[in-house]
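Below you'll find the structure, written out as structure tokens, and then a few comments.
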Amino acid sequence: MKVLSFLCVLLVSVATAKQQFSELQYRNAFTDWMITHQKSYTSEEFGARYNIFKANMDYVQQWNSKGSETVLGLNNFADITNEEYRNTYLGTKFDASSLIGTQEEKVFTTSSAASKDWRSEGAVTPVKNQGQCGGCWSFSTTGSTEGAHFQSKGELVSLSEQNLIDCSTENSGCDGGLMTYAFEYIINNNGIDTESSYPYKAENGKCEYKSENSGATLSSYKTVTAGSESSLESAVNVNPVSVAIDASHQSFQLYTSGIYYEPECSSENLDHGVLAVGYGSGSGSSSGQSSGQSSGNLSASSSNEYWIVKNSWGTSWGIEGYILMSRNRDNNCGIASSASFPVV
């Protein structure tokens, strides 16, 4: 009954918005979307999810009609509200306000380039999926650790997020955590198990780390100057970098392609851990741009520099699991506010 009551509230709240399509258009779009994403609902749930989908469809249409460089679409999160999305998929809670502007500028390499992409160098594992577990911090941690191990040992090994969720006790498993705490666990534990030996379950469990299954070790980690995108660029030239961002907005939830810029984003209140694997400039069409619903053309005043960011929501979200986030645009969404990378 609680689930039904909750869905009834959702049904009422989303049904009041002004509709932009005919009922037939909504129904056909929802039917196609359910087939594409292999979704099914109980009879009690269908009506609420349908109305949420319609509201998200309207939001996508309104956003894309403005010709933003950010293109939204009806991705795998199109049947949930923004509140549900935030409560289920965002698991890093961090206030960076005390750090920004208080640290000495850190430079990690003297070399620089117009672009960088660790994927092309073989340092990045395929996109993973955290499921309905707020363990984003663990995926960000394994991603940067996999990159550091690759550079040191010459082999790309997929590492265990479940190991971190179960055993990194400074963190809170599926209820959230910080990448720096996870680095400290790996350092103090003298290793992290491989993904194959300690597979992901998307739930909290008992720690079952086995040293004989360790896939990588770390000696330390480095932090990027809080708020400095030039320091972050220097770090990304050294290794894939774990970053915390503000991903709370509906525009991030429904991102499909283009360069992501959200004027309402916070650079201090961060709620999602992801992995910066490179940077570049341009429209983003050469970085795996998917078929969005609008052109996503850059306006003359818009920056076309971006960070290449690996997410942990599967390949149905974004550009095959990636997002291009605005670069050198006032630290949008806090991309450089809390960034760090490990050292083998």
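Note: Cβ is positioned from N, Cα and C throughout, glycine not excepted.
Note that the coordinates shown come from a computational prediction; the quantities given were computed from them, not determined experimentally.
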(request) For the disulfide involving Cys133, grab the partner from Cys136, Cys167, Cys174 as Swiss-Prot records it. (result) Cys174
(request) Taking Cys265 as one end of a disulfide recorded in Swiss-Prot, give the other end from among Cys207, Cys333. (result) Cys333
(request) State the disulphide partner of Cys167 as given in Swiss-Prot, choosing from Cys136, Cys207. (result) Cys207
(message) For a quick check of packing: other C-beta atoms within 10 Å of the C-beta of Cys167 (disulfide bond), how many?
(response) 22
(message) Below 8 Å Cβ to Cβ and six or more residues apart, same chain only. Which residues does that give for Cys136 (active site)?
(response) Tyr89, Leu90, Gly91, Thr92, Gln130, His272, Gly273, Val274, Ser312
(request) Measuring CB to CB from Cys133 (disulfide bond), give everything in the same chain under 8 Å that is also at least six residues away in sequence. (result) Gly91, Ile165, Gly173, Cys174, Ala202, Glu203
(request) May I ask which of the recorded positions Cys265, Asn311, Cys333 is closest to Cys207 (disulfide bond) if we compare their C-alpha atoms? (result) Asn311
(message) Within its own chain, what residues at least 6 apart in sequence put their Cβ under 8 Å from the Cβ of Cys265 (disulfide bond), listed in sequence order?
(response) Asp246, His249, Asn332, Cys333, Gly334
(request) Mind telling me which of the disulfide-bonded residues Cys174, Cys207, Cys333 has the densest Cβ neighbourhood, counting other Cβ atoms within 10 Å? (result) Cys333
